[in-house]
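The feature signal peptide is assigned by Swiss-Prot to 1-22. Taken from Swiss-Prot, the feature N-linked glycosylation site covers N172, N419, N630. Swiss-Prot lists E450 with the feature active site, proton donor.
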Amino acid sequence: MLRGPAAVWAALGPLLWACGLALRGGMLYPRESPSRERKELNGLWSFRADFSENRRQGFEQQWYRTPLRESGPTLDMPVPSSFNDVGQDRQLRSFVGWVWYEREATLPQRWTQDLGTRVVLRIGSAHYYAIVWVNGVHVAEHEGGHLPFEADISKLVQSGPLASCRITIAINNTLTPHTLPPGTILYQTDTSKYPKGYFVQNINFDFFNYAGLHRPVLLYTTPTTYIDDITISTSVNQDTGLVDYQIFVEGGEHFQLEVRLLDEEGKVVAQGTGGRGQLQVPNAHLWWPYLMHEHPAYLYSLEVRLTAQTAAGSVSDFYTLPVGIRTVAVTEHQFLINGKPFYFHGVNKHEDADIRGKGFDWPLLVKDFNLLRWLGANAFRTSHYPYAEEVMQLCDRYGIVVIDESPGVGIVLVESYSNVSLQHHLEVMEELVRRDKNHPAVVMWSVANEPASFLKPAGYYFKTLIAHTKALDPSRPVTFVTNSNYEADLGAPYVDVICVNSYYSWYHDYGHMEVIQLQLATQFENWYRTYQKPIIQSEYGADTIAGFHQDPPLMFSEEYQKGLLEQYHLVLDQKRKEYVVGELIWNFADFMTNQSPQRVMGNKKGIFTRQRQPKGAAFLLRERYWKLANETRYPWSAVKSQCLENSPFTL
């Protein structure tokens, strides 16, 4: 049975959700349709970093007014990618400040001459603060490095004879106590040790602060009266799937809406009209997680057709949205998907790879998903920021469950709990929910990772932040990931699921694996006794250098990583029979961090190397995850790996 607050949110949810999201406008993923076109702007862009002492030469000289090459030497920079690792310039790799991107785009004639066409520039991710100009005219600004933003540039490209447009984007990767993630700038004033004006960026998170245009940049079109946003929520009544929809239209008041829901064979299973309604699907195929059902990840297609009357005549807009029918609920000791107990056995990840940095890359993405399925993982957390939209789409298609996390990592300073920080964090959650609300794979929001939640302002901060997120989306539980003491954590009372990180026999009691079982069991018992909420072991692991071997195991050897995991698993197997509902290894793959004596070319806690090659622990974890899958499958039947036919153990 749902707890009291959950029941309240369930009752108020549809009204609050619609109101919250209606305030901001939509962020539908740009899909081609009979009424919509898109033009990718990925490839080589002109690039220049502003190395001036105050980092503002580009603004003082107005580099955006003329082609960037006229301002001085430029580099070719691939988009999407981080700029840090592409070149051979040591200064550029660690650069902090403004960098400038530019691209000329040739537009189809119909885009520039048809005043009934709306032309939109969409930037998937620009880390961290971005200012955008088109043909020297300011069109957009955006704070935050992990979520998309757009600008309607129709008037600029339809106002003259030009069939092209010059897009200039200035990006600043500086982090302050009020950004997400936060950081500080340290100025070194001792001129006997440092040059005049020398400064460094300090951060309180353990991954490299890659920067640039990390995700696709594109142009797309819609009619001037268009489908701006769609919000769906799903439920199940016996064998009937219920799809509640709300459609938001911009650019006109006189229109009709037709809605059809198609199954995977293209058959219409339900239809409706109007901007709000409910579709009933008899004998619905539910969206199930990978390995939980013999037919996981079933997706319907919601086809929306808008017909509007304008001064120029009748116009139409079409948009198709993938829909998975499923429910999520939390009890005192279970996490339920479609009313059945779900156990998270998965990983934490990073968007990180050689050369690309955090740049989106299709081959890498497909490789990662093949490894997840080989591993038998059914879930991951987007540690520690929202991932690319294309990642979320593959999770929907493959049935990989997602804990969708905001970039609220490293919130450890009192200044980062200010009203300024809180307001920005609230806006980030609005953007995240607006983007990912319709993904069936997303089953829980995480508003932060390892904040200093014992600080006095943390209670009000997380109470407000979690309540706001629930108002935006009451259909999903909300959490944050903690490493604070259970007695001191001021944010834990407001979460639906306790997510706790611990590194026994790694960051303390070095090498003493014999204490893991006692310490881990005590951790679980303390948290559950205090809050009576389900618990996920959201991080655990050990750094391992691939090829290092030592028996008896020593730290950094492959044997130590495996031995540490085995000690955790003994306790997890006991507690998952009670109230532990998941385990997520840290980390899926090795990743880059800042340089320090504690890091050897990055964090090495991956069960795969940064090049996606398995360490010994990957095989250990694979055996465990496939056995867990067989124990938790519904309806029960033995499953076999889709990625490896011959296996040394029973799958």
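Using the three backbone atoms N, Cα and C, a Cβ is placed for every residue, glycine included.
Taking the C-alpha positions, the distance from E450 (active site, proton donor) to N419 (N-linked glycosylation site) comes to 20 Å.
Neighbours of N630 (N-linked glycosylation site), defined as other CB atoms within 10 A of its CB across all chains, total 17. Around N419 (N-linked glycosylation site), taking its Cβ as the centre, 10 other Cβ atoms fall within 10 Å, counting all chains.
Mapped onto three states, the DSSP output places N172 (N-linked glycosylation site) in strand. Here the recorded positions are N172, E450, and the one with the most other Cβ atoms within 10 Å of its Cβ is E450. In this structure, the C-alpha atom of N419 (N-linked glycosylation site) lies 48 angstrom from that of N630 (N-linked glycosylation site). N172 (N-linked glycosylation site) sits 48 Å from N630 (N-linked glycosylation site), taking the C-alpha atoms as the reference points.
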